[in-house]
Amino acid sequence: MATLQIPSALLRSFLLMFCLFVIPSLSSDSDPLQDFCVGDLKASASINGFPCKSAVSASDFFYSGLGGPLDTSNPNGVTVAPANVLTFPGLNTLGISMNNVELAPGGVNPPHLHPRATEVGTVIEGSVFVGFLSTNNTLFSKVLNAGEAFVIPRGLVHFQWNVGQVKARMITAFNSQLPGAVVLPSTLFGSKPEIPNAVLTRAFRTDDTTVQNLKSKFAV
């Protein structure tokens with residue numbers, strides 16, 4: 001039986017494409033090329049974060065913003081205090097960040113997604129209903145109590161809801177120094193410039209009055 005022979009040039013091309021496109025996709029942020037690179041936030045960001053500060057100290061690797069309490073007196077009853085490269089420059093190029101999330105009783109961190117990172121959240125206080133949606137519209141959810149954790153795959157829509165009678169607090173961690181957040185309600189109904197009403201009425205199978213009412217709630 002004849003054996004299929006793959007031309008060596010074609011094989012080399014395939015291996016090159018694999019190295020260029022598949023291997024980098026296994027990580028989120030790029031790997032650092034030095035021990036650390038404390039971000040100079042006064043400079044413009046580049047592809048892999050901020051340029052390095054010329055002089056650093058222990059204070060650059062310290063952050064005190066993960067404590068509480070936070071003010072949750074807003075329509076959603078939630079406040080998120082991020083510890084990412086923009087607030088904690090020592091994280092620059094290290095591929096990690098955290099959030100301090102506090103929810104009032106009944107408070108909701110509305111459906112959102114992080115385009116650049118996987119998230120793992122741990123409840124510190126209270127009881128939080130956490131859920132994410134897969135690409136086939138399946139809801140995966142769990143009520144978390146103190147000391148319990150839940151992972152949210154990268155780029156999937158998810159939310160947190162305080163189902164307890166007292167405040168709840170979570171610490172969330174990401175495999176990116178700046179995971180980004182697309183909050184669906186404010187993105188769809190509070191964008192600048194606005195998404196045309198005709199698009200939203202058709203997408204949500206509703207009428208122009210309802211869409212305009214929703215837009216008014218997210219107008220800045």
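Using N, Cα and C of the backbone, Cβ positions are placed for all residues, glycine too.
What you are looking at is a predicted structure, and each value in this text was computed from that prediction instead of being measured.
Feature annotations, reproduced from Swiss-Prot:
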type     : residues               : note
BINDING  : H112, H114, E119, H158 : Mn(2+) binding site
DISULFID : C19-C37                : disulfide bond
DOMAIN   : 64-212                 : domain 'Cupin type-1'
CARBOHYD : N136                   : N-linked glycosylation site
SIGNAL   : 1-27                   : signal peptide
Within the domain 'Cupin type-1' (64-212), residues counted as helix, strand or coil by DSSP: 22 helix, 56 strand, 71 coil
Between E119 (Mn(2+) binding site) and the residue listed as 'N-linked glycosylation site', the C-alpha gap once rounded to whole angstrom: 20
When distances run from the Cα of C37 (disulfide bond) to each of the binding-site residues H112, H114, H158, the nearest one: H114
Mn(2+) site, defined by H112, H114, E119, H158: further same-chain residues with Cβ within 8 Å of the Cβ centre: L113, F132, I152, L156, V157, P179, A181
Nearest-integer angstrom distance between the alpha carbons (Cα) of H112 (Mn(2+) binding site) and the residue listed as 'N-linked glycosylation site': 17
Neighbouring C-beta atoms (10 Å sphere around the C-beta of C37 (disulfide bond)): 21
